[in-house]
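As annotated by Swiss-Prot, region 'Type E motif' applies to 384-462. The annotation region 'Type E(+) motif' is assigned in Swiss-Prot to 463-493. The feature repeat 'PPR 1' is assigned by Swiss-Prot to 77-111. Residues annotated as repeat 'PPR 2' in Swiss-Prot: 112-146. Feature annotation from Swiss-Prot assigns repeat 'PPR 3' to 147-177. Sequence annotations record features per position, and here Swiss-Prot assigns repeat 'PPR 4' to 178-212. The annotation repeat 'PPR 5' is assigned in Swiss-Prot to 213-243. Swiss-Prot lists 246-276 with the feature repeat 'PPR 6'. Taken from Swiss-Prot, the feature repeat 'PPR 7' applies to 277-312. Residues annotated as repeat 'PPR 8' in Swiss-Prot: 313-343. As annotated by Swiss-Prot, repeat 'PPR 9' applies to 349-379.
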Amino acid sequence: MIWSSDSCFKSRKHQCLIFLKLCSSIKHLLQIHGQIHLSSLQNDSFIISELVRVSSLSLAKDLAFARTLLLHSSDSTPSTWNMLSRGYSSSDSPVESIWVYSEMKRRGIKPNKLTFPFLLKACASFLGLTAGRQIQVEVLKHGFDFDVYVGNNLIHLYGTCKKTSDARKVFDEMTERNVVSWNSIMTALVENGKLNLVFECFCEMIGKRFCPDETTMVVLLSACGGNLSLGKLVHSQVMVRELELNCRLGTALVDMYAKSGGLEYARLVFERMVDKNVWTWSAMIVGLAQYGFAEEALQLFSKMMKESSVRPNYVTFLGVLCACSHTGLVDDGYKYFHEMEKIHKIKPMMIHYGAMVDILGRAGRLNEAYDFIKKMPFEPDAVVWRTLLSACSIHHDEDDEGIGEKVKKRLIELEPKRSGNLVIVANRFAEARMWAEAAEVRRVMKETKMKKIAGESCLELGGSFHRFFSGYDPRSEYVSIYELLDLFKFQLTCDYRLVSE
């Protein structure tokens, strides 16, 4: 880095500020810092503020350096401390934002309205509910409880920490709201499984004359929960409002259609998208694999590798392994599994090991699947064992070495109170005509008051999902169930048409 001694420069301070604006690496930042000391500018508040900004928020990010600067300075400007707090809030150590605020209080630096949004964002990042509640007390103390940005971040915090009632309370008490406020509360509802309330909230938003944006639609699409009719309705809103089909919105549409079984629509959106990222490709590949279009999924993966600059991630490989499972491609499954780490530097996760067990289990290679589990680099979870036990039930004639028995014992050791495990074991005994053993398992379940999770049936009618569970008390639900079935029968009758050849 070349420093000019030309007298045309108004001052060394001006020169330092120019280089700080151009700084793009820690190496350059340290050089500039050295020149600042040589120029005796190390106590200049504006220079310190710029140094903190660059080391907290730019490409030359070094939060430890920014922290040291502030600790050795007498800067009492809240905006400078806010920059360090903001840097920590989006770092791997968001809890350090709390230290920044504590240091501000110790020095008697009064916070401003930008102080608390960064602190609340940090609390959401490390799921610091207690810390977040303490920050909310500080918000009230300093009179920022009516600030819209503070409110939005409080909603985000409580939603992330699964406190939807608190999130809704903050939202309801806001005197000023913007689109982000509505998006925040709807996101909180989606993340906590309250999908029906999301669309009620959206209707309320429209009723209050707020204009939904791209984020609103992405949130609504994630709330469709496999409801194709509802997904189409949201898509129509995207088109009516003439929102740009960018990568983020397009990916949300592809993901929704793929999860809802509307693969033709997913393909149409996918093909029309100009910009696709790894999540777009992965959503399409996973959707195809899960709905039986395994060969097409593998072809699409091959196309992604050859014709685009996009590199696969862990979700992409999950879709690829799922496709191999559905087509019985055991050798290809092994190949892709090993390529993950060797070529693409993606360390296989539990879910990938489970997918390989599924591939081997479906192919009837029970011993191989069992050995594969025993060689895993970490302790397999119950899902992996259940996958193998399911395969043992299907291929019980080929289980010469009693793999099913070993898996059964291990599964009960891992989850002794999970009723589903004992149900699987009882069914396995029944399939093998071991009636006494099956009865014994059922007896244990009954004595320990262990109940099987009720089976659930879903019916989509008029854009709404209606759920029915086995074991309903007919005295309470009988009438409404049969009224709905009569309505369904009527709709089928109305839609029925004879086709003449």
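Just so you know, glycine gets a Cβ as well, placed from its N, Cα and C.
Sequence-distant contacts of the repeat 'PPR 4' (178-212) (same chain, six or more residues past either end, CB-CB distance under 8 Å): 148, 151-152, 155-156, 158-160, 162, 164, 167-168, 171, 219-220, 222-225, 230, 237, 241.
The list of residues near the repeat 'PPR 9' (349-379) in space but at least 6 beyond its ends in sequence, with Cβ under 8 angstroms from a Cβ of it, reads 314, 317-318, 321-322, 324-325, 328-330, 333-334, 337, 340, 385, 387-388, 390-392, 394-395, 398-399, 401, 403-404, 406-407. Beyond the repeat 'PPR 8' (313-343), the same-chain residues lying 6 or more positions past its ends with a Cβ under 8 Å from any Cβ of the stretch are 278-279, 281-282, 285-290, 292, 294-295, 297-298, 301, 304, 349, 351-352, 355-356, 358-360, 362-363, 365. For the repeat 'PPR 3' (147-177), the DSSP counts in helix, strand and coil order read 23 helix, 0 strand, 8 coil. Per-residue confidence over the repeat 'PPR 5' (213-243) averages out at a pLDDT of 94. Using DSSP to sort the residues of the repeat 'PPR 6' (246-276) gives these counts of helix, strand and coil: 23 helix, 0 strand, 8 coil.
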